[in-house]
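Only one structure is covered here, and it is reproduced in the block below.
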Amino acid sequence: MESQLVAFCLLAMTCTMAMAFEPSPLQDFCVADFTSSARVNGLVCMDSKLVQAEHFTYSGLHLAGNTSNPLGFSVTPVTVAQLPGLNTLGIALVRFDYAPWGVAPLHVHPRATEIITVLEGSIQVGFVTSNPDNKLISKVLQKGDVFVFPMGLVHFQRNVGYGNAVSISAVSSQNPGIVIVASSVFGSVPGIDDDILAKAFQVDKSTVDRLKAQFN
């Protein structure tokens, strides 16, 4: 599986750079300087004289994540936070591990399109189109299959097999962001008023309180 992982990483980097969401860089690279207090749209560039190969290297994507949680799911991101050389390049990778019937819950990437490929197992994927259609586009993927989640649309993944599953995604941003629908709505700080949630979801306040309790 390691050879498949390496091959896909190279392909993802080649393809996604052509459709990067961030503006094109004005220099060869802009390694993120996490020590700078300056605030820009992205991260300040490190002095190029200090740049080393380690700033462009990440190790560990071959390691399985811990799926011992209620969702049966784990994420291993390789964004600018883990790989500072990604700064301004408009690309990142994510490894997903799934226990049997594990779920990546409904979520949105506000700054990126995502392309996912299955390395092991059978994974159901799907996204919902915007109003007014709200159409579910869903398919069960097998090993080697690829699927695209358009930027900003609610989507999910679920292992529909009886063994563990693995997928890897390329995203068109160094920092794609993630909004998990349930925890954002029912676990916000401070919380959204029960009246608003009850009316929005057409349920009573006791149901809202039970849902909030799951995320606080």
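Sequential numbering from 1, following the chain as shown.
Note: Cβ is positioned from N, Cα and C throughout, glycine not excepted.
Taken from TrEMBL, the feature signal peptide covers 1-20.
Among the features that TrEMBL reports, disulfide bond is placed at Cys30-Cys45. A 10 Å cutoff on Cβ-Cβ distances gives Cys30 (disulfide bond) a total of 22 other Cβ atoms nearby, all chains included.
Residues annotated as domain 'Cupin type-1' in TrEMBL: 59-209.
The Mn(2+) binding site annotation in TrEMBL covers His107, His109, Glu114, His155. Every protein chain considered, the tally of other Cβ atoms within 10 Å of the Cβ of Glu114 (Mn(2+) binding site) stands at 23.
For His109 (Mn(2+) binding site), the number of other Cβ atoms no farther than 10 Å from its own Cβ, over all displayed protein chains, is 22. Feature annotation from TrEMBL assigns oxalate binding site to His109, Glu114.
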So what pLDDT does the domain 'Cupin type-1' (59-209) average out to?
96
Given the Mn(2+) site residues His107, His109, Glu114, His155, which other residues of that chain have a Cβ within 8 Å of the mean position of their Cβ atoms, reported in sequence order?
Val108, Ala112, Phe127, Phe149, Leu153, Val154, Pro176, Ile178
Given the binding-site residues His107, His155, and counting only Cβ atoms in the protein chains shown, which has the most within 10 Å of its Cβ?
His155
